[in-house]
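Okay, structure first, notes after.
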Amino acid sequence: MYAIYSLLVYIFYTLFRKEPSQDDGQLLEPEPPQLVESISALQGERARLAEEIQGLRQELDEREKDKQQLAGSFHLQIQELKQQIEEREDELARLRTGMGVTDSEKRIHNLTVENEGLKQSLGVTQGLLQQLAAVSAQPSALLAKENEDLRGQVQRLEASLQQKLAQLAQLEGQVDALQWHKEEEARQLDERLCALQQALDAQLSRAPDVQVSWVWGRRVMHTHTQEARQLDERLCALQQALDAQLSRAPNVQYVTQTVEVESPSTLRSLAEAEERNRVLQEQLSSQGERCQRLTEQLQGSEEVAAGLRHKILAYEHEMAQLREQLLREISHLEAQKEEAVKEASECSEQHLDQLRQQFAGVRQRLAVLQPLLRSIRTDYGSLRGQVRSFSDFYEAALKEARQQMCSAISEVSEANQDLREKYQHEVLLRRKYHDQLVELKGNIRVLCRLKPVTEAEQQASEASVAVSTEPGSESSVTTSYKGKERTFELDKVFLPQATQEEVFLEIEPLVLSCLNGYNVCIFAYGQTGSGKTYTMEGVPDDPGINQRALEVLYREMEAKQGLCKYAVSLSLVEIYNEVIRDLLGKDPQERLDIKLNPDGSGQLHVPGLTCVEVQGFREIKKMLALGKRNRATHCTNMNERSSRSHALLTITITGTDLATGTKTSGKLNLVDLAGSERVWKSGAQGERLKEAQSINKSLLALGEVIQALRAKQPHVPFRNSKLTYLLQDSLGRGNKTVMMVQISPLQRDVGETVCSLKFAQRVCKVELGPAARRVDPSGPGEA
């Protein structure tokens, strides 16, 4: 507590004190953030102290109640101990009168020992009760002066004492339980001993009956023996008399007659005697057997009795051991109890001394801190007033700051919007001026389109992307090849998500210029499988440049109907293995050649080439489908449907101005070049190998022509290949040419991608001069 109050004093006198000003002696106010923090800390500390005081008061009340309950429980324990002593004395008296001398003395000795233990427990309990009474009898005036914090600590000490007493009571309960358990075992042994004694008495009670039966049998047998002996004696006497008569010869006849007269009765008597003797012998033998059985039963009973006596002795010995063990355990528990009581008493006295000392120190510190607390309370009231005023000031300042921030944000947003509009305007102007410059110079416009990555390519092992574009830039593309990054600047770059419509809108003005008599050439260049045919031809649901260009031309011609009259003719050829083939002719396998036009215009033409005049867009779609079926395509390792030839679609539009009679002739060449490929990568063999060699040779010739045009050499090698020879009118001076370079963004194709972009950069620098309008010499025209 002293540390807490010291900390509070240090906080208030270091953070919240008011120092006098040097000028006018007024008090300086602390900074607003410090005021807020100081008030929060002070309120939190005040609430915590109030909670501690309330908790200590409640704990003091609870300790008073516990002390009263403890005194009542001690009185109850004393009464119970007295009652137990009386019960044991009654039991001792009863045992003295009812048990044998030896067992009674042992039982009396045990009960005496237990009685002494109970008396000792009673004495200890009364001593504790006297101590509690002495503690409770302290002057109330002194307790009133003690601080509530000290009382709480005293009560915690009493709780510790109560816990020790509870442990003591628990030990006494364990001793009583153990004593009761031993007594119960002794009682059970006594009951078993009584049962064995009763069984032995029963066996012994049966012994007199056996003895009587045996004596009676001996008597009967003796009687029968005497009767048999008497009969034998009588028989011997009769035999002697007979012998005497026989010795007397003269009287032989008379004696004989006498004997014969007496003989039947004697024989009957003898027979009866013998029968009685036999019966007596049988009775004697049966009585002997019975006596033998009884003797055996007696011996068995004696053996059982001996065993029971042995068991009784063993039980008595065991009971003696158990009594000794019980006495030892009781004495040990008594010693533990006395030691615990002594230790609890010493600890309680020490704690009471310590608490008294602490209480005295706390009272001294409180006497010192009370003036400081009064000054702190005064400072706290002044701080509360300052905080109230600071809250209004803070809200006003915050409101003003919000307004300034909102105005600044709105100004910045307006400035950003203005800059964004100016930037967009500048971008458009730059694009416009760049297109005009390119048109004046006659440069070949180069557009780049990135092929989207398919799901099958994403699942492949080499599906990483090596081509990227900068955000906000529409004319640059960056490649990562052999650890180096290189950026290529082109006229326009279409991302993979660009649609066919977006690509065509970029070249739509050039397509429409052929209605005014200009020659326009659009050709797709790139490696095989990069999407050239898709960009030029498309699919039925999403057509490419070819169909969209023809559709736009017919829509424009229909819009000018009544002002101009147009005639449209169409031809479609392919260059396969340096052989020109007519895809719309009756025999697509027929070989054609390039010749100068015999009309003296100096332009080239292909004799025998089918040139179909078409009347509508549907008819053109039929012609395009026919040419697509006749074109040579095969499967390679790099493309499932690879174009093995260069396709050239030529639309010639002749227009007549109905007002002036001026005739114009424009030509639109749409070229789908075969894909450049590496033989080892495409897996070309046999016929495919020959096709690849021809394709690469023609593309190499195209590169030489581009290099010569870029260097403005006087001689351009158009005749080195049928492809360049056929494109001479499109790549010559005065034409509008657009190159659509197709690239793959995958890492596995980065080599071919870099080669295609390098070729596209060279094409960008080719200047064909201003585009020239072709007007029929018979009518007025303009250059």
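For all residues, glycine too, the Cβ spot is worked out from N, Cα and C.
TrEMBL entries are annotated by machine, without manual review.
Range annotated as region 'Disordered' by TrEMBL, chosen from 61-80, 101-120, 281-300, 461-480: 461-480. Secondary structure of the region 'Disordered' (461-480), assigned with DSSP and counted as helix (H, G, I), strand (E, B) and coil, comes to 0 helix, 8 strand, 12 coil. For the recorded site, Lys532 (ATP binding site), the DSSP three-state label reads helix. Annotation note: Gln527 (ATP binding site) sits in a strand segment as assigned by DSSP. If you average pLDDT over the coiled coil (140-188) in this model, you get 62.
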